[in-house]
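Positions annotated as transmembrane segment by TrEMBL: 7-26, 46-65, 77-94, 100-118, 138-158, 170-190, 238-256, 276-297, 309-328, 410-431. Residues or ranges marked as region 'Disordered' by TrEMBL: 197-216. Here TrEMBL flags 206-216 as compositional bias 'Polar residues'.
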Amino acid sequence: MSSESKKLFNIIILGVAFMFMFTAFQTCGNVAQTVITNLNSTDFHGSGYTSMAIIYGVFSASNLISPSVVAIVGPQISMFVSGIFYSAYIAVFIQPFTWAFYTASVFIGIAAAVLWTAQGNCLTINSDENTIGRNSGVFWALLQFSLFFGNLYIYLAWQGKTHISEGDRRTVFIALTVISLVGTVLFFLIRKPEESNTQEGEDSTNENLGDASSSQSKMTRAVDAFKRSMKLCLTKEILLLSITTAYTGLELTFFSGVYGTCIGAVNKFGSDEKSLIGLSGIFIGIGEILGGGFFGLVNKNNRFGRNPVVILGIVVHFVAFYLIFFNMPNNAPLASIEGTNDQAYMDPSKELAIFCSFLLGLGDSCFNTQLLSILGFLYSEDSAPAFAIFKFVQSICAAVAYFYSNYLLLQWQLLIMVVVGFFGTISFFTVEWEAPAFVARGSDYSSI
């Protein structure tokens, strides 16, 4: 197998492993608040929104140390151990206890930071400036199949149900735990590339050939990775991209947690309201898969750059927000177990709700594929700190969004995303226009 074929094989395995893991985790996230609402009549008194706020809050803080962890143990072991913690979090729902639920939320926040930093490192090591766009699209499309499979099961299993029984819950979460563990094991199929034009690859080779494998050398690499992360935080490019990244954190919270809860709370959808959560997730996944696959192919010939894709993403999202505003009751995110009988500006339409799910997924793929691509392009020799900062900003904004989702009506949540999305798009344009000049002058960080 040639070096290029081996790298593409690694990207596919990386995507498939994440697909299995996030089939479990994202399905868990989509139904968690609905399941917990049914549990709150028992001794369990947790909140899915609060759990996600904890996860993303810890996630954001842990991104400060995740490049050091990846530098010490390598991306493969980092992803495997993180996968174990993801599986443990999902397993908590088999027999939930409030203390275990929130404790697992803390640990998975740490694991998520390490996992995504290692993923960015692995993606960059197995790419070059000509393949980073394609590989980002391939990985993103494979990852987003997770939304399709898990939610298809939820849709079929919960169709016609207005209450989730203990047996239903256990069956779903035992299956999701096993699926997550399968994805975790797949990380061991990733092979080390024979060559890499990135600094990470050179460092890894040198480490294996000489005394750099000593614990002292690994600690030095860990400290250096932390210092590079701190220095990178103050660069013009990262500060501008942080606005775009902040938007992806807000809309991630909305489509992965809040919107499904809104659909499940609308009583006028009838007995299908719970199964529609699964159908919504399926169509979010279809949008993500189509976007990731298409934009991966488009990036083979990127003479138009990344800006047109980002323009498409923000237009698609603004259309989705407008339609959701007209279709969903304002109090849907805050509804109790009885749901809501309120009406927005039209009779709630199942078809329109599901169409908006597709638009949310498509728009999200526009932003995330282009952010992965531009980070891999700008920081091909220093990818771990760059991806750690990306996830730091995204996760802290997701945590903030999960927090305010407990209190804000739907209209205010949509307004926040519109404002941040507009400025995030402008800031991305600025970085994309300056990207060739940045790469031409090398990896010297232009601080503000």
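Just so it is clear, glycine is given a Cβ too, placed from its N, Cα and C backbone atoms.
Cβ atoms under 8 Å from those of the transmembrane segment (410-431) belong to residues 237, 240-241, 243-248, 250-251, 254, 258, 262, 306-307, 310-311, 313-314, 317-318, 321, 324-325, 328-333, 370-371, 374, 378, 401, 404 of the same chain, restricted to positions at least 6 beyond its ends. Outside the transmembrane segment (309-328), and at least 6 residues removed from its termini, the chain residues within Cβ reach (under 8 Å) are 244, 251, 259, 262-263, 266, 295, 298, 344-346, 348-349, 352-353, 355-356, 359-360, 362-367, 369-370, 410-411, 414, 417-418, 421-422, 425, 428-429, 432. The transmembrane segment (77-94) shares the most Cβ pairs under 8 Å with 170-190, out of the stretches 138-158, 170-190, 238-256, 276-297. For the transmembrane segment (276-297), the residues of the chain that approach it from at least six positions outside its boundaries are 26-27, 30-31, 34, 133-148, 150-158, 255, 259-261, 263-264, 269, 309, 350, 353-355, 357-366, 369-370, judged by C-beta separation under 8 angstroms. When Cβ-Cβ distances below 8 Å are used as the criterion, the transmembrane segment (7-26) is approached by residues 1, 79, 83, 86-87, 89-90, 119, 122-123, 126-127, 131, 135, 138-147, 149-150, 176-177, 179-180, 182-184, 186-187, 189-191, 193, 256, 281 of the same chain, each at least six residues removed from its ends. Remote same-chain partners of the transmembrane segment (238-256), defined as residues 6 or more beyond its termini with a Cβ less than 8 Å from a stretch Cβ, comprise 26, 29-30, 52, 56, 232, 284, 310, 317, 357, 360-361, 363-364, 367-368, 371, 374-375, 386, 389-390, 393-398, 400-402, 405, 413, 416-417, 420-421, 423-425, 427-428, 430-431, 448. Among residues of the same chain six or more beyond the transmembrane segment (138-158), those with a C-beta under 8 A of the stretch's C-beta atoms are 8, 11-12, 14-16, 18-27, 30-31, 123, 164, 168, 171-172, 175-176, 179, 274-282, 284-286, 288-289, 291-293, 295-296, 361, 365, 368-369, 372.
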